[in-house]
Every structure is written in C-alpha cells, then in structure tokens.
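Accompanying notes for the structure given below.
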Amino acid sequence: METFLFTSESVNEGHPDKLCDQISDAVLDACLEQDPDSKVACETCTKTNMVMVFGEITTKATVDYEKIVRDTCRSIGFVSDDVGLDADNCKVLVNIEQQSPDIAQGVHGHLTKRPEEIGAGDQGHMFGYATDETPEFMPLSHVLATKLGARLTEVRKNGTCPWLRPDGKTQVTVEYYNENGAMVPVRVHTVVISTQHDETVTNDQIAADLKEHVIKPVIPEKYLDERTIFHLNPSGRFVIGGPHGDAGLTGRKIIIDTYGGWGAHGGGAFSGKDPTKVDRSGAYIVRQAAKSIVANGLARRCIVQVSYAIGVPEPLSVFVDTYGTGKIPDKEILKIVKENFDFRPGMIAINLDLKRGGSGRFLKTAAYGHFGRDDPDFTWEVVKPLKWEKAAN
C-alpha cells in the first residue's frame, strides 16, 4: 500500500493573529446585533501593550470599540503583562471610517437594492472543500490539529494544567492512502505542540501533561502507534507569548480557518467582514455545496469554486471537481449545484442567515475553524438534500 504524508497546523485563541480575528468578529457581532444591514470591514493589529482597531464601518449601531477590545482580550486570558497583554491597561487605538460611497453605490445602492440585486462587495474567487474521511466531512489532519488547539485552551481555563498561558500552536502530520481519489487516513505520523507556559513548570512536566491531558483525549487511539513522533515544546522555552512575543494581524490564519492546506484557497480572509463581502459569504456557500455533495453520496471528496466581480450579483463562474470520486460525471454534479444553491451575495445572506450577529455568533468562528463545527449558528454546515439519479450500470 503506497501512502503519503500530509500536514495541517492550527493556533489557539491566544495566538496574536487569532486574537485579532476574534476582536474583528466581536466588532462585527456588535454591529449586526443592532443593525443587520451594517457594512463592516474591521481590521485589528496588536503588539506589546497595544491593540488597534481600524477599517470601514457604516452602521446605525452604537458600538463601544474599546470595551469590545478589552472584553475579548480578557475572555481569552490576557489579564496581565506577564502572559503577553493586560486587557485592562493596554492602549486601545480606534481608527474607523465609513464605507467608501463609491463601493456603497455599486454594491447595495446605498441600501436601496433588493436582496437579489445586491452585488458582490469585491471581485475574487472562493473555494469550498469536503471529504468523507471524518464525520465532519473535513480533513483529519486539520480536524486533529484544530481539536488539539481547542483542548489546550480547555485545560488552561478549567485549571487542569495551571502552568499554561494563552498562546499556543499545534501541528499534525497524517499518513494517508489514496483510494481512487478519496483520502483514507492510516495513522498519525507526527504531533507538534508549542504552548506558552509560566516560569514554574519543567519541560518534562510540559511533555507529560500535554500527552496525558491534550493528546490522549483528542487523537483516537487507533491512529497512534509506537512510531508516532512527538515534538512537545521543541524550542525548550516559550514563556513570552501573545502580542508581547509576536505582532498580530486580522486575516493572517486563513488556512487554519478553512481546510488546513487541503483543497484550495482564493486568498480572502473572513473575520471582521459582513456578508456583502464575498470573501466570507462566498466561501461559506461553497462549503455548504461541497459538503452537501459528499454527504448526499454524490462523491467521496469534492472541491467547489465560485468567482465574482464587484457590483455584480451573479457569480462569474462555478467549478466542481470530485477528484475522480464522483458517482456521476462532474458536469452533472455542477448542474445539481447550480440548481440547488443561489450564489448571489444578497441571497446567500438570507439563506444562511448571515445578517444575524450578537451572542458571539461570528466571534465563535474566529478561533478553531469556520468549517466542520457542530453548532446551529454555523448555518453553512447544514447539509442540503440533493436529488440525483444514480447512473445505470
């Protein structure tokens, strides 16, 4: 059996780039909660003792940006300088302007266009991917790396590993077998965890605790064997972390947000963007399309691409590839996709209920992945029943 290795990485919510994603989406939530028609393009950057929120926002909502920044930092665990940032005493800078009137008239006609007339907020192309290798219809390498990161945060916050600090990264290499275009995981080859820690803990205890409390509960035993390699805090020291260790920016973890290097990516980030931004809404609808194709048994693995021009409602192109795993020809599947999914941005927003913010709806997406999550707020994960005729043998 010929196999190959494929690797995916993740970072947890205390990583500076992810902190920025979460602040940007917390701002989006606050705007949409009060005004579902808010137009939001919110970027965040951070470095030692400083967070800056900037971008273009047109909204009827009253938003306390500084409070959102401090609350988000605090809930992640950035409560003192020694963990990387002090939520209550850091500098918060805000530079928010209105959406450009040129963009506003072209996309939504200053809010006068009907939903089916709303144009894409920009040009671009987005990809959706799905695979039958996990119950989530997501790549195993990505699922495991993401779950390790989430588990790191869980054992920090519940006190299981009190030496943990917010920042951390994970990486998983899986050995795969290619079964006529479908991906079959064989075993976990390598696990890397680098986590921020306090001064008191030894490297031996870090390794022991990570194996017992993080790796064991996350990675199914059947994938681990005596040859699995573990690199646990391989640098030997990771006390300085968060924005103190590295600068952070919104939109710098787009592969972690999506499919862990599988499929493809059009380059557009998600966080801090309202649904007229097709970087986000377009990527969500093609995930639903790809997942529905696989979940309905049309294919074992699938990628869907959609593309847009600014101000134009209809997509310019839709592409489907099932990597040779389709039960019917790809051109038939493409027809089914076009019949069952409305790719116009205004209709995506309605069909996936993307104008509804508040209660941390988009904030939740900003750490541990936008796809493969079992949560009713992740409306794009709902599988649509697709009608199709099995090819006669």
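Glycine residues also receive a Cβ, built from the backbone N, Cα and C atoms like all the rest.
Features of the protein shown, as given by Swiss-Prot:
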- E9: Mg(2+) binding site (BINDING)
- H15, D167, G168, K169, S235, G236, R237, F238, D246, R252, K253, A269, K273, K277: ATP binding site (BINDING)
- E43: K(+) binding site (BINDING)
- E56, Q99, D246, K277: L-methionine binding site (BINDING)
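Structure with Swiss-Prot features highlighted.
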residue : record                    : contacts (Cβ under 8 Å, 6+ apart)
E9      : Mg(2+) binding site       : A145, K169, T170, Q171, V172, V192, I255, I256, G260
H15     : ATP binding site          : D167, G168, K169, G242, G248, K253
E56     : L-methionine binding site : K39, A41, I96, E97, Q98, Q99, S100
S235    : ATP binding site          : S194
R237    : ATP binding site          : none
K273    : ATP binding site          : L28, V40, A41, C42, D279, R280
K277    : L-methionine binding site : A41, G121, D122, G268
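Taking only the Cα positions, the spacing between the residue listed as 'K(+) binding site' and D246 (ATP binding site) is 17 angstrom. Taking the binding-site residues E43, Q99, G168, D246, K253 in turn and counting surrounding C-beta atoms within 10 angstroms, the largest count is reached at G168.
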